[in-house]
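J.: Pasting in a structure now, in structure tokens, and then I'll have a few things to ask.
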Amino acid sequence: MASRQGSKSRKAGLKGADSTASSTTSSSKLYQETSIDGHSSPASSSAQSKQQFFSPDPLPQTAQRSKENVTVTVRFRPLSPREIRQGEEVAWYADGETIVRNEHNPTIAYAYDRVFGPTTTTRNVYDIAAHHVVNGAMEGINGTIFAYGVTSSGKTHTMHGDQRSPGIIPLAVKDAFSIIQETPNREFLLRISYMEIYNEVVNDLLNPAGHNLRIREDKQGTFVEGIKEEVVLSPAHALSLIAAGEEQRHVGSTNFNLLSSRSHTIFTLTIESSPLGDKSKGEAVHLSQLNLVDLAGSESSKVETSGVRRKEGSYINKSLLTLGTVISKLTDVRASHVPYRDSKLTRILQSSLSGHDRVSLICTVTPASSSSEETHNTLKFAHRAKHIEIQAEQNKIIDEKSLIKKYQREIRQLKEELEQLKQEIVPVPQLKDIGADDIVLLKQKLEDGQVKLQSRLEEEEEAKAALLSRIQRLTKLILVSTKNPQASRLPHRFNPRRRHSFGEEELAYLPYKRRDMMDDEQLDLYVSVEGNHEIRDNAYREEKKTRKHGLLNWLKPKKRDHSSSASDQSSVVKSNSTPSTPQGGGSHLHTESRLSEGSPLMEQLSEPREDREALEDSSHEMEIPETSNKMSDELDLLREQKKILSEEAALQLSSLKRMSDEAAKSPQNEEINEEIKVLNDDIKAKNDQIATLERQIMDFVMTSHEALDKSDIMQAVAELRDQLNEKSFELEVKAADNRIIQQTLNEKTCECEVLQEEVANLKQQLSEALELAQGTKIKELKQDAKELSESKEQLELRNRKLAEESSYAKGLASAAAVELKALSEEVAKLMNQNERLAAELATQKSPIAQRNKTGTTTNVRNNGRRESLAKRQEHDSPSMELKRELRMSKERELSYEAALGEKEQREAELERILEETKQREAYLENELANMWVLVSKLRRSQGADSEISDSISETRQTEQTEGSF
């Protein structure tokens, strides 16, 4: 943060004096000492103090702080006139005070701590979402308030607001000073820092030279090195610094806003407080930080951007994505690593998100249906953040290194030095009765002592004036309530809420009107052409710098010059000035100087001086609040001169009284009488000077009244002049944009005519192509169908013939088998009979007969053989015929099988042809579908055409006919 964050990672056991704490400033490890001559202002600090030690507030056991969750609220903005004109509908709405529900799907709903409708004011949002965080910060508990949402959802309006409706940051600053006013038993020191994160680069908005600052980390946490911190004395002082920082912030025009935030900003208010008076000795100092974060809006990928805007959007989305990832990891108890280092935003806010700060998240959403998805993502992010548990702790600095302690010690030391200077004034001893001889010697000693005393008095007067100025300057930095310290602050908690009334001087530093809800004409004007973004950004940035509203506008350029020169003397002048707090509502804070309380120097003044102070007090009552730092400085200078003259007059009165006593004792001493006369003349001259200064003060007060009246007139004239310049600039820009739009319109008209001709040609080509394709396809399909029918008839005829031949062959084969079986049985019988006869013949013949009748037997045998062969031939002739028939039947079967094989081959070939036909038909269907796509595109671009519809109907009838085939 702007200064070091507290040590949030310390263990629970280290809650004593050994715990490390956050330091009070943040650019280096040593604090820059402030010299008396004013070359280094205590009001502006950019140095880093040494290591400090603090511990959480040891609460009683009955009041131990319990865990709590992040406060999450949702704020709806109303529909813009542009969205209403475009007919946008409400997609999300607030269902009661805690529920957000989807209009189209009521089952989708999310619950939060509070949901604010479009009519809710920012003051009500502050009371619910931010007041408890600010109140805790004033008590020593760190706090962080986020504004999260998409572009044009109202984040910057919620955080900064305008003169009619101040935002969270002005209300928080005003509330902080109101709490100081209501806490009379403590004294406070407030300082602020303001930074931005643009394209992952950290810039200091209070110091134009502070670019690309580095983020450091030590045992105490993360801090930004070199960030400038400014001590603030009043709400107007703080708001003026914020306004100066806003002029340095990166903004630009987008498709949604004329002036859209292109960077994340972190406004840090560091609060130190200690018990008032002697109670502060040895007491711990409460140290806390209040971080008010205005996040840049996430951008959808649907938004067409280029160049710088695209680069900015990518960095913004990256940091917001990292923030969402960190939130998801913090809600996941199983997550072991949280990617804080993936983005500068999460790394700076690491201490705030670690669970020891009180955090409030304000999600701004739009109910428009065109942003329904982005709104849903925002609601889911808020829902995840609601589950983060925190345990807020009070931080106390237990050493003497805090800035408020340093100022208190320096004030005490300066007062002691002032007392020593007063005591070192050696009174002139009382003259006793002396002789005439010693008169000359005493006269010479008196002259020498008078010269030395005069020079010493002059030196002491200069030293006292410097010490008084230094004491007053340091005392003004510490803010103290004007209420009675004996009054307790507790009863005010039960009273009605205090109202945040802003004076004219404070409202002067707020924007004149909210920038996120632009007029329709301006919005249409500045988003019409993409290429003019950079020119419009530069022009409106200059216009933003020159347009200032309020009574103190004429001082702002001078203030910016001082800040740009980076001189510490400007901060000194600012610190010397009386805080200009508006007198409104009774809740303003008076920063009073405690120099007059118990000061011995003030007791030495005479009654005429008291009368002059009474006159001065009356002039204070008549004085109205200063309208500028210049008036305040001049008035303070006149008062300081009068005080110095009064002190010199008091010293001369004491010297006059002493010399009067000496003159009474020695009335003959002419030198003493002359010195008394000189002192009387000096006192008279000083009284005349004091009277002149009083008249100047009164004239200055009266002049300030007249200046206020003149400033009102000048303000009205300046506002009219600004409005005239604004309208003329808008008229010029509108005329230029109109010319560009007219040129673009002419180009688009020519393009439309060319496209119409192309569409007509395409229609004609499409109709011809459709007719040709349909005719060709029909002819091909008819030819294929005819060929298939003929092939089918031939195959059926051939199949019938083959079936008949097969049945005939089967009949012949069965008959041949029967005959062959009968013949085989007869052959077997004949063979058996022949064997039996041969056996009988062998048994009947004797061996001798066989020998004698060998020849006869042989002849008989041969004859028998011949007869048997003849008989066998007679028997074999039918079998040969059967074999021949069988052989013929086998040949027929083989021919039948060959015919069947040819038939199968023909069927396979026909199936292949049929498959190719189907593939060709599918190809033609795909081509027809492509033609239909082209026809649909043409019909969407030019409307329904009767000729195309007729062709479509004919094509569909053709497809139905083909389907029947």
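Just so you know, the numbers here start at 1 and follow the chain as drawn.
Heads up, the Cβ atoms here are built off N, Cα and C, so glycines get one too.
Swiss-Prot lists 1-69, 551-633, 842-888, 942-965 with the feature region 'Disordered'. Swiss-Prot lists 19-28, 40-56, 564-577, 851-862 with the feature compositional bias 'Low complexity'. Under the heading compositional bias 'Polar residues', Swiss-Prot lists 29-38, 949-965. According to Swiss-Prot, the domain 'Kinesin motor' annotation covers 69-388. Among the features that Swiss-Prot reports, ATP binding site is placed at Gly149, Val150, Thr151, Ser152, Ser153, Gly154, Lys155, Thr156. The annotation coiled coil is assigned in Swiss-Prot to 389-483, 628-703, 738-846, 896-931 on the grounds of sequence analysis. Taken from Swiss-Prot, the feature compositional bias 'Basic residues' covers 551-561. Residues annotated as compositional bias 'Basic and acidic residues' in Swiss-Prot: 606-623, 864-888.
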J.: Averaged over the coiled coil (389-483), what pLDDT does the predicted model reach?
T.: 61
J.: Can you see whether DSSP assigns Val150 (ATP binding site) to helix, strand or coil?
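T.: Note: Val150 (ATP binding site) is in a strand by DSSP.
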J.: Taking the Cβ of each of the binding-site residues and counting other Cβ atoms inside 10 Å, which one has the highest number: Gly149, Gly154?
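T.: Comparing the binding-site residues Gly149, Gly154, the most crowded Cβ belongs to Gly149.
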J.: Note down the number of other Cβ atoms within 10 Å of the Cβ of Lys155 (ATP binding site), including every protein chain shown.
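T.: Here the count is 27.
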